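*Asks:* Residues or ranges marked as active site by Swiss-Prot: ARG242, LYS269, HIS338, ARG341, HIS364. The active site, O-(3'-phospho-DNA)-tyrosine intermediate feature in Swiss-Prot is assigned to TYR373. Positions annotated as domain 'Core-binding (CB)' by Swiss-Prot: 102-180. Positions annotated as domain 'Tyr recombinase' by Swiss-Prot, on the basis of sequence analysis: 204-390.
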Amino acid sequence: MCTHSMITDTKLRKALGKKRDDIEIISDSHGLNARISQAGKISFFYRYRWAGKAVKLNVGDYPAMSITQARERRQQFRNWLTEGLDPREQVKLDKQTRQEAMSVAEAFNYWIERHCIANGLVKVDYYRQVFEKHIAEPMKNVKVDNTAKMHWINVFDSIESRVMAHYMLSLCKRAFRFCVNRSVIASNPLEGLLPSDVGQKPKKRTRRMDDDDLRKIYQWLKSHMSIESVFLVKFIMLTGCRTAEIRLSERSWFRLDDNEWVVPAGSYKTRVHIRRGLSDAAVNLVRNHLKKINTNHLVTSQRKIDGGIKDSPVHSPVASNYARSIWNGTGMAEWSLHDMRRTIATNLSELGCPPHVIEKLLGHQMVGVMAHYNLHDYIDDQKHWLRVWQSHLEEIIGEPFS
């Protein structure tokens, strides 16, 4: 039986779940209909013509879908028809898109693989580590396109460190922006949300070790910690290099007869080939260390596999803890390995080292016009001022640096 009055909520509520002798069809307008089965089940369907043939397309079930929602869906079907599209095909495509929609983890990994790894970014392991720690579990199996800003605010608010919350928002925002541009997710749920809305930037560090601090560090290294940790800290004390550069270093990076070492392009954030000088003490430090190890990497984990040391670099948090162990053990004020770079740069400046040489010693790229036209690495100047720094250190510790 078919009636042609408009569909109303009152009619449908009265008919819902009540048995009847015949199936009833209630027509609304512009092709929308409600079907009431003999068992009292109500469903919406849409009638239209395609290629000269009558078509009936399911819209949804009442009351899970309201009348308003059914009418909105009907309007979508009509719009598709106006555009020359068959609603049946569009419904299939919509369903496929929902089924293939990326989860938060899938979208993040897509960015890692298609952007970070493809472009040689070196902090990939760290990105994955912090994502697993702070985002993966609360957003487990959740589709990106199903998330809203409020969901993300709750996740970021649950991160204990406000600095890390600030960092994670920036990181995820970058990842999702890339995915939107590649059309693998529909929109960026973090668009418009500022890092300052959920956290704060890390405070600018000003820690500089004084002579007494440097003396304590050197004396502590004489009788504490593993050979890897002692080597890494001493090498940074002599060169001012980034922790990651020596942590990831391999035998082939060193040209000890020339008092040089090279950080290959792609091995750290600058992604350019960097040649650095070495003082005599640094050369001897490396030579002595190479005699003690049988791995390609100079700073490896102590974990043994099949009776041998695993030939892979120690992870960043492990290296960072080397400094913590020292200031905890000596009772010094807190400092980080990165503070050692600031200490060396400041001391060298006070000793008269030109700023451009300090920049090269630190592995920084030139800025402005010099970045484009001056590619000189001042290697002889680097070696000279590293010898000056070695002599200054030896005056502080009161003995040859070894």
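Every residue, even glycine, has its Cβ placed from backbone N, Cα and C.
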*Asks:* Sorry to bug you, but what's the C-alpha spacing from HIS364 (active site) to ARG242 (active site), rounded to the closest Å?
*Replies:* 10
*Asks:* To the nearest whole angstrom, what is the C-alpha distance linking ARG341 (active site) and HIS364 (active site)?
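*Replies:* About 12 Å separate the Cα atoms of these two residues.
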*Asks:* Along the domain 'Core-binding (CB)' (102-180), what average pLDDT does this model show?
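*Replies:* The answer is 92, the mean pLDDT of the model over that range.
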*Asks:* Rounded to the nearest angstrom, how far is the Cα of HIS364 (active site) from the Cα of HIS338 (active site)?
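*Replies:* Taking the Cα atoms only, HIS338 (active site) lies 14 Å from HIS364 (active site).
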*Asks:* Helix, strand, coil: count each for the residues of the domain 'Core-binding (CB)' (102-180), based on DSSP.
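*Replies:* Summed over the domain 'Core-binding (CB)' (102-180), the classes give 58 helix, 2 strand, 19 coil.
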*Asks:* Would you find the one among the active-site residues HIS338, ARG341 whose Cβ has the most company, meaning other Cβ atoms within 10 Å?
*Replies:* ARG341
*Asks:* Under DSSP, is ARG242 (active site) helix, strand or coil?
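*Replies:* Coil, per DSSP.
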*Asks:* What number of additional C-beta atoms lies within 10 angstroms of the C-beta atom of ARG242 (active site)?
*Replies:* 20
